[in-house]
Amino acid sequence: MDGGFYLLVVIGLVSLGAVNSVHGQGTRVGFYSSTCPRAESIVRSTVESHLNSDLTLAAGLLRMHFHDCFVQGCDGSVLVDGNNTEKSAVPNLALRGFEVIDDAKTQLEAACPNVVSCADILALAARDSVVLSGGVSWQVPTGRRDGVVSRNSDVNKLPGPTDSVDLQKQKFAALGLDTKDLVTLVGGHTIGTTSCGLLSIRLYNFTETNGPDPTIDPSFLPQLQALCPQNGGASKRVPLDNGSQTKFDTSYFNNVKKGRGILQSDQALWTDPSTKALVQRYSLGLTFNVDFGNSMVKMSNIGVKTGSEGEIRKKCSAFN
């Protein structure tokens, strides 16, 4: 991310947009200011400590928040252990960073017992992960309570790596998110990796060609095939943002423009007329940081439990 995007005015715009977009949602910025004043600082210091040891956890925490919100709403249901919970579903088996949330919860229970929800810890940790990876901050509205339902059968609501843009838009729209939110939030793929197993069809057996996906940059194809050989290596990892997998910046969009989007669903954002202009805009660095903060706030208010709904879990991995 260019240094110019760290201007205070940008941070201010992100914060303003975050505040304005949460009215009527039941959450608010500073929810714990009197009941647990150190809540946000405890979460941030915990995330920072873990990321200092392993920066790749940042992408895991961001993705975990996304996967949480898209299923039962942002209620921490993805954190619950069990054979038939969301965590056990195939799309969530590669999620990472649960130990960070558990660590933060332990510290918060010591400081403010039965006050801070696991759902809020996850929302704050996602924001802190972006900031600690070089992204711009935004204010996170808090006040979520933890859900009491977690079913692996509900995880089919998540967008998939081979989804068309139309299908992605349908899944986002079902949760109140528009096309701009879609492109913006998928920009979170600027950090993290995916498995070769999700990429192999594009490299060798694409439906339309019985060979490589023609939208892949021909000069990039040999590099991907070397990383993901045709026979074996399905569990090997590939950066979603080639050359910048641990830095939160706009290079992801430049890669998509060049035919270097890793997932089929990502590359489709450049070939579809309804999303191409936004990819172009963000590739130039224009407004992405402001838009990402605003879309994250919007997403983080999907299906929230507030007031007397749900519970405040004592342990994030188990219902009370």
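Just so it is clear, glycine is given a Cβ too, placed from its N, Cα and C backbone atoms.
Note that the structure is predicted; figures quoted are calculated from it, not measured.
TrEMBL annotations:
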type     : residues               : note
SIGNAL   : 1-24                   : signal peptide
DISULFID : Cys36-Cys112           : disulfide bond
DISULFID : Cys69-Cys74            : disulfide bond
DISULFID : Cys118-Cys316          : disulfide bond
BINDING  : His189                 : heme b binding site
BINDING  : Thr190, Asp241, Asp249 : Ca(2+) 2 binding site
DISULFID : Cys196-Cys228          : disulfide bond
Residue from Cys36, Cys69, Cys74, Cys196 whose C-alpha is spatially nearest that of Cys118 (disulfide bond), among the disulfide-bonded residues: Cys74
Long-range Cβ environment of Cys316 (disulfide bond), under 8 Å and at least 6 residues apart: Gly76, Leu79, Val80, Phe98, Ile101, Asp102, Lys105, Cys118, Ile121, Asp146
Integer Å distance between the CA atoms belonging to Cys196 (disulfide bond) and Thr190 (Ca(2+) 2 binding site): 17
Cys196 (disulfide bond): tally of other CB atoms within 10 A of its CB: 21
Cα separation, Cys74 (disulfide bond) to Asp241 (Ca(2+) 2 binding site) (Å, whole number): 26
Cys112, Cys228 as disulfide-bonded residues, winner by CB count within 10 A: Cys228
Cα-to-Cα gap, Asp249 (Ca(2+) 2 binding site) vs Cys69 (disulfide bond), nearest whole Å: 23
Under 8 Å by Cβ from Cys69 (disulfide bond), counting only residues of that chain that are 6 or more apart: Leu175, Met299, Ser300, Ile302, Gly303
